[in-house]
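K.L.:
Structure in structure tokens, see below.
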Amino acid sequence: MRIAILSRGPALYSTRRLKEAAELRGHEVHIIDTLHCYMDITSSKPAVRYDGEELPYFDAVIPRIGASITFYGTSVVRQFEMMGTFVVNESVAISRSRDKLRSLQLLSRKGIGLPRTGFANKPDNIKDLIRNVGGAPVVIKLLEGTQGIGVVLAETPKTAEAMIEAFMGLKANILVQEFIKEAGGADIRCLVVGGRVIAAMKRQGAEGEFRSNLHRGGSAELVRLTKEERATAVNAAKIMGLNVCGVDVLRATRGPVVMEVNSSPGLEGIEYATGKDVAGMIVEFIEKNARPHRTKTRGKG
């Protein structure tokens, strides 16, 4: 097969591993810079152009779309969909998962376990907003943040009020969530491919750090999932309509709660922690499912 990887970083671990895994299985792989693609969207014959030429037909496209280029990146993915190319994660599913508020609303509607979450623009009663999610300590998140950036822990009511007021002053959209203390600064990243969890790791935040992101100095190790955790991850991926994703889960007293569904999960940490060929499993999924015009909208909302 001829496979395209949409990525701005050909040297990034995940991009390199996907390319290596596909080539090892005899496929032709092209790494394409998403922002350098351009399109004639009114043409009766949809195409994507790159470096002055029309791109050849690809049997499959693997989108590795960074959060900062979601709008343009999903437009490029959508153009490939119009051409009948099989895409690993479709454009609407990527957009759905990138909107933290929208994704939480959709997961909540389907009964997925979530931390109590508040959303407001300019509340006339900040104290009530904080009380409504269980009171301090609370976690305050920027809707546009990634890799733990824009996530702060407010340990007292006064600190929480001050932080919320500060974000409001910047006209920033924020989520206010209950702090799951019993998780102990750890979360579980479940890698879902084709409707099943193929790998899972426990990420532990650095000492004194409540965020478990590996980019923030956290560590990772192999973890055994419970049946409930596995089912939660699979259902969350299905609701988002994603074929390949990372589902981040916290172990709360009441059961697993989903923090985020990542449509472009990094492979380095989970491959090292589990020793599994995750990239190879993604390529295997493509081999089994890539057919022309097979992409269809999954998930709702």
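Positions of Cβ are set from backbone N, Cα and C atoms, glycine also.
When I checked Swiss-Prot for this same protein, it listed these features:
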DOMAIN    104-287  domain 'ATP-grasp'
BINDING   Lys141, Glu178, Phe179, Asp187, Arg211, Ser212, Asn213  ATP binding site
BINDING   Asp248, Glu260  Mn(2+) 1 binding site
BINDING   Asp248, Glu260  Mg(2+) 1 binding site
BINDING   Glu260, Asn262  Mg(2+) 2 binding site
BINDING   Glu260, Asn262  Mn(2+) 2 binding site
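Each of these features: where is it, how hidden is it, and who are its neighbours?
P.N.:
Cβ-based neighbour count (10 Å, all protein chains) for Lys141 (ATP binding site) stands at 22.
Under the three-state DSSP scheme, Asp248 (Mn(2+) 1 binding site) falls in the strand class.
Following the DSSP three-state reduction, the secondary structure of Glu260 (Mn(2+) 1 binding site) is strand.
Around the Cβ of Glu260 (Mn(2+) 1 binding site), the same chain contributes Lys100, Ser103, Val247, Asp248, each under 8 angstroms and 6 or more positions distant in sequence.
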K.L.:
10 Å Cβ neighbour count around Phe179 (ATP binding site)?
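P.N.:
If we count other Cβ atoms within 10 Å of Phe179 (ATP binding site), we arrive at 19.
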K.L.:
Give me the count of other Cβ atoms within 10 A of the Cβ belonging to Asp187 (ATP binding site).
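P.N.:
Looking across every protein chain shown, the total is 24.
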K.L.:
Counting every protein chain present, what is the number of Cβ atoms, excluding its own, within 10 Å of the Cβ of Glu178 (ATP binding site)?
P.N.:
20
K.L.:
Same-chain residues six or more away whose CB lies under 8 A from the CB of Asn262 (Mg(2+) 2 binding site)?
P.N.:
Ser97, Cys245, Gly246, Val247, Asp248
K.L.:
Please report the DSSP secondary structure of Phe179 (ATP binding site), reduced to three states.
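P.N.:
In the DSSP reduction, Phe179 (ATP binding site) maps to coil.
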